[in-house]
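Marked as pyridoxal 5'-phosphate binding site by TrEMBL: 38. What TrEMBL lists as substrate binding site is 60, 61, 68, 276. Marked as tRNA binding site by TrEMBL: 234, 361, 426. Residues or ranges marked as N6-(pyridoxal phosphate)lysine in TrEMBL: 247.
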């Protein structure tokens, strides 16, 4: 039926299935005689086994979704993967999505592919309207495609940074709708920035007949992010939304899903990809989803949501104990932020030093964001880079509850963060500088944890 099975398959069943697909490829025929330049020859047995002898990749030279006659098994793998992934996107909350395909590029380059496809539909366009999110790859995706990003600064509402809808509409009027390639919005993001107001942006795009591309990098794991996309498509215009394979399905980096509500547009985007493509990302996500089944993936989504509540409540307690506070960002369903006002007032370098201490103690993924850092990306200068605003009121620390996180991860993170903050307080009382803080106990603390 081309759907993800409800109950996951065991490893031996999946391997049998993949071997059956592989023997449909001509390079695995017993009597095969290849005289072309691309015959699926692999000299290393280790490499062949790693890929289950599915060597031909996916697509043909002119279309990544096309069937390759001498690689029937790999072509079937590609079709099945796209069908199963579409089923899971619907299950995750975007019920009316009609088409998608797995592309062997990460999110940034996949966004670039979308923009390049729109270029042929809007030849006069040179601008992309982009509500600011301080993440380099989505910014570079527009530059690489040859367009000029028009940065729309966010507005501060309480602790949250939200979409400035009035500024978006004013910029569309000022530049002229025909000169704008699309609006490039974002769902998943680091607090205190929250998902863009997708419904309102979708309505604006529909009213001005401007395409709308959504960066949904790690949003599949969030029912709230997926609901925003579903609602945006219902009330207005969303042309395509792009999500990462590794962040949402726990597979190696290197693939993304481009999806949308107009099948012909998604096919156009897939045809824009030049040449054949690696089958590895499709193979990885198909194996993963066959292993999990819909019940297994739903369980992971439920556990992630529960861990978000737990991380939120425990981080708030820790913040209170250190005279800090958990920033109030109810519209962000994945990421949290804790203020570092006291640390920042002690020493300007303290925030950065805290990040270093956490990393030394093997805490990965937590981000510390100082005030007022300036960074230039492709000749564009961002003030307050990483904080999504020119002048956010305080320094802060980010932590996220992403798919696959365990209670043990949360507990160890909080324990190590607590120790680091206590170290700062102790050393500050003794009048030591940040550079004098002894970090030699990091390894011992990890063993104790």
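Positions of Cβ are set from backbone N, Cα and C atoms, glycine also.
The structure displayed is predicted, hence computed values, not measured ones.
Counted over all residue pairs in 60, 61, 68, 276, the record's binders of substrate, the longest Cα to Cα distance measures 10 angstrom. Note: the CA-CA distance between residue 361 (tRNA binding site) and residue 38 (pyridoxal 5'-phosphate binding site) rounds to 48 Å.
Geometry remark: residue 234 (tRNA binding site) versus residue 276 (substrate binding site), CA distance 34 Å.
Cα of residue 426 (tRNA binding site) to Cα of residue 38 (pyridoxal 5'-phosphate binding site): a span of 65 Å. Those residues noted as binding tRNA (234, 361, 426) have their most widely separated CA atoms at a distance of 55 Å. In sequence order, 217, 218, 221, 402, 403 constitute the residues six or more apart from the residue listed as 'N6-(pyridoxal phosphate)lysine' in its chain with CB-CB distances below 8 Å. Distance between Cα atoms for residue 276 (substrate binding site) and residue 38 (pyridoxal 5'-phosphate binding site): 11 Å, as a whole number. Ranking the binding-site residues 38, 276 by how many Cβ atoms sit within 10 Å of each one's Cβ puts 276 at the top.
Cα spacing between residue 60 (substrate binding site) and residue 38 (pyridoxal 5'-phosphate binding site): 11 Å, rounded to the nearest whole number. Cα separation, residue 68 (substrate binding site) to residue 38 (pyridoxal 5'-phosphate binding site), rounded: 12 Å. Each residue contributes its Cα atom, and for residue 38 (pyridoxal 5'-phosphate binding site) and residue 61 (substrate binding site) those atoms are 11 Å apart. Per-site Cβ counts within 10 Å over the binding-site residues 234, 361 peak at 361.
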